[in-house]
Amino acid sequence: MSGMYGEIALELIKELDRHKGKLPPFQENELRQALDEMQILFEQNQRDVSMNIPGNPEFLAALHLRHAALERNKQCILAYLYTRLKVITDLRWDHGPVIPAEVRANMTEQEVQFFANYNKTLANYMGSLGENHGLDLTQDLKPPKTLMVEIRVLQDYGEFELEDGTSVLLKKDSVHFLPMSQCEALVQQKIVEVVQKQKSLHQK
Amino acid sequence: MAGQFERMDTENGTGGSASPDTFGRSDEEAEETVTMTPRELLTKLHTAWMNERLAPDLLPPQIEEIECMLELLRNMEVNTAKLEKKDIRLGVHKMEVDRIRYLISSYLRIRLAKIQEYCWDLQTKENTRNSQAPSLMSPEEQKFLKEYIENLESHLKNMGTQHMPRTMQALQPQTMSTSSNLDSFLFLRVSQDSSIIVDDADGREEEVSLEAGSQHIIRYRPVAKLVPSGSVDLV
């Protein structure tokens with residue numbers, strides 16, 4: 001370990017800042033080093049306390065400095081963990097209950113577990129709404145402007161049954177005109193995309 | 001913060017849903033709500049949604065209204081299912097159902113987002129609440145908060161504090177907790193004459209009367225109590 005106290009913990013925070021709202025790989029090494037540094041500082045303090053002649057100002061200053069470094073490391077580590085969890089809860093709203101593989105690769109086992117628990121908590125809550133009829137809050141994320149929407153299928157999905165009983169075959173690259181409210185989940189899972197109505201450049 | 005959940009334009013996209021005309025048809029469905037017509041109910045929810053969206057803190061829940069409206073929605077869906085496919089009314093009804101569902105979902109989402117963001121602060125408030133005072137959260141929301149905090153704290157302990165020196169292992173939520181910024185400025189419209197106490201820049205207190213119908217830009221703190229009572233609406 002080199003450098004000043006708290007430097008590694010600061011790296012963790014900088015890492016968060018560099019990837020605001022994203023989930024970069026978990027900095028397991030840095031976290032471990034910051035924790036190790038805490039252990040070393042703590043042991044040094046313990047040793048000093050046991051050897052200390054009461055009232056020796058030199059010892060006291062060192063003690064205070066190390067204690068400040070300890071507190072700082074703790075705060076940085078918790079901020080690092082907590083901020084990642086906030087990003088992870090947002091995943092549930094942006095991508096649905098299944099974490100995309102590329103994001104999953106950057107998460108630790110415990111974070112995946114946290115996500116699963118959050119999922120359960122949210123599902124319990126949503127299920128309890130409307131006298132236990134349930135209301136899926138992860139749908140209707142945008143104010144409805146139109147009833148129907150044109151969508152293009154991005155990957156083969158197969159039969160998709162609509163609320164009124166009819167079903168459509170979602171084949172890659174096919175285009176359909178479907179009720180907005182029923183294809184939001186498909187959009188979130190990147191199975192279909194909404195065809196943007198672009199005004200022609202020549203149109204006045 | 002709510003922005004994480006609310007991917008919506010800032011203009012009131014569902015403004016149309018408050019217009020009573022489109023909803024008028026279902027009056028007969030709601031006779032069990034003796035005191036309120038669906039129209040009034042929708043207007044009330046719309047106001048609640050606007051207030052919740054704009055207020056920095058969590059407002060008292062409108063849980064009865066939400067439940068009532070959800071039931072209405074279920075009835076409407078049953079009714080529209082009876083209509084023939086080509087019936088022109090079908091599209092209009094479906095659109096209206098979608099709009100109301102958006103309103104309710106959005107309202108509840110904003111609340112969840114606030115509950116998550118201010119979880120520790122709300123927990124403290126909940127624990128120190130006078131047993132007679134109403135809770136800021138519905139029973140379901142309280143359960144959500146409890147489970148959320150348990151999940152959060154167990155993660156922070158397992159990954160962080162547990163590996164720290166033994167005197168540092170306590171997880172102190174107050175060091176991480178955030179609370180609402182009550183000093184943010186907002187626009188409001190006054191619906192009932194009221195008066196508030198405002199601190200001016202020199203620290204003097206001044207009583208300001210708010211006339212019904214007038215609009216103000218003001219710090220949230222002095223008017224915070226007036227919002228749940230319905231005397232002022234945030235716009």
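Heads up, the Cβ atoms here are built off N, Cα and C, so glycines get one too.
A TrEMBL annotation is a machine prediction, not a hand-curated record.
What TrEMBL records for this protein:
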DOMAIN    A:47-129  domain 'GINS subunit'
DOMAIN    A:147-193  domain 'DNA replication complex GINS protein PSF1 C-terminal'
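For the domain 'DNA replication complex GINS protein PSF1 C-terminal' (A:147-193), the mean pLDDT of the prediction comes to 85.
Assigned with DSSP, the residues of the domain 'GINS subunit' (A:47-129) fall into helix, strand and coil as follows: 69 helix, 0 strand, 14 coil. Sorting the domain 'DNA replication complex GINS protein PSF1 C-terminal' (A:147-193) by DSSP state (H, G, I as helix; E, B as strand; all else coil) yields 9 helix, 21 strand, 17 coil.
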